[in-house]
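One structure is given here, and the rest of the page talks about it.
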Amino acid sequence: MAEIKQQPMTQTPSSTSHNHKKIMQGAIVLSLAGVIVKILSAIYRVPFQNLVGNTGFYVYQQVYPIYGVGMTFALSGFPVFLSHLIAQEKNVTKQKTVMQKSFMILTGLGLLCFCGLFFGGESIALLMGDKGLTPVVHMVSWMFLLMPFLVVSRGYFQGNFQVMPTAISQIMEQIVRISVILLVAFIYSRGRLNLYNMGQWAMFSATVAALAASVVLYGYLKKDWQQHFGTNWLKEFFVFEKDSSISLKELAYRFLTEGGTICLVSSMLVLFQLVDSFTAYKALVNGGVLPEVAKSLKGVYDRGQPLVQLGMVIGIGFTSSYLPMLAKSFASQREILFRREAKSLIKMTYILALMATIGMMAILPRLNHVLFGDTSGNVILAIYIVSILVASMIMAHNGILQSTSNYKITLISLLVGIILKIVFNKVLIAHFGLVGASLATVGGLVAMYFVIFSLSSSYLQRIVKSVIINYHIIGIALMVFSSVYMSDFFIQEVVPHGVTRLGDFVIVLVEVMIGAIVFVSLALYKQIFTTREWLMMPKGKEFLRYIKK
């Protein structure tokens, strides 16, 4: 066996402080990478939909939630859990044992997911109401075979406070996936593929992207492990140490419970989309809508997902940036600082998500035309957009709970939300079509947040009440909506009907600027943000310096 260079068993105060600094820096890097991935994930769907149309978008979006769950496993769920286990071990031998046993567990899980999707693909497609989706489901199954390596390598690096491998690999994964998807969409638009072949190869992008991420992580892992095991590092990984202190059975149980909880909480919106995949299209067809029409309508409904993702980018960014500060304050038992940061997070998320929601509602008809080429489904999308506000608040509140290692409340709320979403879909789609599906999504999310709010501490409840029942914030929101809506009304009187997509794009930019100017002016006048909160915003320091001139 190769000689192992042991890491020190004890930590001095200075090394502990250094680790805290590395954790903070690492969290910032991962947060930035996560925001970049979210932006890319929202933006690519616009040209994709433009190339493949509503029905093509339906085919892709029906199976996308399965990919979304797999991505959560490999990126933001199991790696986070495994990193905690790795960080607890003081030398590389123990870490190697944790990695080996985790790899065995995850390989079993990956094979189970692969077999379920590949051999049960037709059954899943039939449950979705469209047998033609079978090859699309088959194709997404292959990515789960690469999940074990992605999880173990990312968990190892994050557990050792090395975040660049994870950050670079996830950005690379997204870029490769989007490139393949858009290439497939372009080929389809030229008539070289049929509808379901397009969906099949678009979904294969997940496997190609996972391979690209694996290559990146392999390079980092090789460099790191050669420092410990020399040139025989790969062979050393398959040399199992006898270590009874790490039970395979106990580790598997923790992966299922603790790791599974993190995965479920992280995939909240994806699970809501999964419910739609299995219920929305079938409900339309059962209600008498022709299958081809139902597919097109579902494709229009699915436009709401990139809109919500774009609207939530700011909220996700704030939650990600506050999370390490909250965790540090909680760990060091600085209760006053923890409460102050929790209040700032809730307040900033609520205000900015509210402005994003009402702003997007005000410009929705033109935005829909700019992004997707027509104004189909404006009412459906207007209701769906409310998800931006509710989901952002759930993410912020969950961030506070997560910083105290409390996942139970969010898990309970998620189960309630999913059950209600299923029930609401069944009842509301039958009566209101896909307007009912949007109402069901918003209703399920509101129920989720109500459960989180009810089970949280009295202090957190007081924070939420003080923010939501704030007449200054409500007044500013109404003024922003009115200013954008009235400017659009004025433009309609001046600009002739039948404006082009480019023309609407210019108008949308003007209206967004008007809304932003009104919001910032009133926010400064009413002093709804503290100086510290302004500084937390992108370019906040430069902005404050400018207005003080």
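Cβ atoms are placed via backbone N, Cα and C, with glycine included.
Copied over from TrEMBL:
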TRANSMEM  23-44  transmembrane segment
TRANSMEM  103-127  transmembrane segment
TRANSMEM  169-189  transmembrane segment
TRANSMEM  201-221  transmembrane segment
TRANSMEM  251-275  transmembrane segment
TRANSMEM  307-327  transmembrane segment
TRANSMEM  348-367  transmembrane segment
TRANSMEM  379-400  transmembrane segment
TRANSMEM  407-424  transmembrane segment
TRANSMEM  430-455  transmembrane segment
TRANSMEM  467-485  transmembrane segment
TRANSMEM  505-525  transmembrane segment
Counting only pairs 6 or more apart in sequence, are there at least 3 Cβ pairs under 8 Å between the transmembrane segment (430-455) and the transmembrane segment (379-400)?
yes
Mind checking which residues reach the transmembrane segment (467-485)? Cβ under 8 Å, same chain, six or more beyond either end.
346-347, 350-351, 354-355, 358-359, 361-363, 511-512, 514-515, 518-519, 522-523, 526, 528
Same-chain residues at least 6 beyond the ends of the transmembrane segment (251-275) whose Cβ lies under 8 Å from its Cβ atoms:
61, 64-66, 68-69, 72-73, 76-78, 80-82, 85, 98, 101-102, 105-106, 109, 305, 308, 387, 391, 394, 398, 402, 407-408, 410-411, 414, 417-418, 421-422, 425, 441, 444-445, 448
Cβ contacts the transmembrane segment (505-525)/the transmembrane segment (201-221), at least three under 8 Å, sequence gap 6 or more:
no
Tally Cβ pairs under 8 Å between the transmembrane segment (407-424) and each listed stretch (103-127, 201-221, 348-367, 379-400), then give the stretch with the top tally.
379-400
What residues elsewhere in the chain lie close to the transmembrane segment (201-221), defined as a C-beta under 8 angstroms and at least 6 residues from its ends?
48, 60, 63-64, 67, 70-71, 74, 136, 139-140, 142-143, 146-147, 149-150, 153-154, 156-157, 162, 164-165, 168-170, 172-174, 176-181, 184-185, 193
